[in-house]
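First comes the structure, then the notes that go with it.
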Amino acid sequence: MGIDPINPFELPLLNTIILLSSGATITYGHHALIKGDRAGSLYGTAASVVLAIIFTLFQVVEYNVSSFTISDGVFGSCFYFGTGFHGFHVIIGTIFLADMKLVFYTDILLM
């Protein structure tokens, strides 16, 4: 009985590595943009978008395999509240990055 927490050294660790990698690739893209390297900027932004999508998909998998729900007390509420808001932040950021990638590529602003 009780809550069986997710092993932090499995999917959560992989998601953390993906998230940190996304930060590195967007930083690379930003520095490339400052230097006028359009191809490098496109690469960095595209890599970040792909990593963010993978992160979001793994977060959905984590939700599906967890043994607890949002209604399972404080632990469930805090887990889904924290990861849900973070996931929302990642999704919105991914949309903006994808739009900026299109701006770099086509010189047309979509939003």
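Placement of Cβ uses the backbone N, Cα and C atoms for every residue, glycine included.
The average per-residue pLDDT of the prediction over the domain 'Heme-copper oxidase subunit III family profile' (1-111) is 91, rounded to a whole number. Annotation source TrEMBL lists domain 'Heme-copper oxidase subunit III family profile' at 1-111.
Taken from TrEMBL, the feature transmembrane segment covers 12-30 (among others).
Summarising the annotation, TrEMBL assigns transmembrane segment to 42-61 (among others).
Annotated transmembrane segment per TrEMBL: 73-98 (among others), in sequence order.
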Sequence-remote partners of the transmembrane segment (42-61) [C-beta within less than 8 Å, at least six residues beyond its ends]:
11, 14-15, 18-19, 21-22, 25-30, 32, 83, 87, 90-91, 93-94, 97-98, 100-101, 104-105
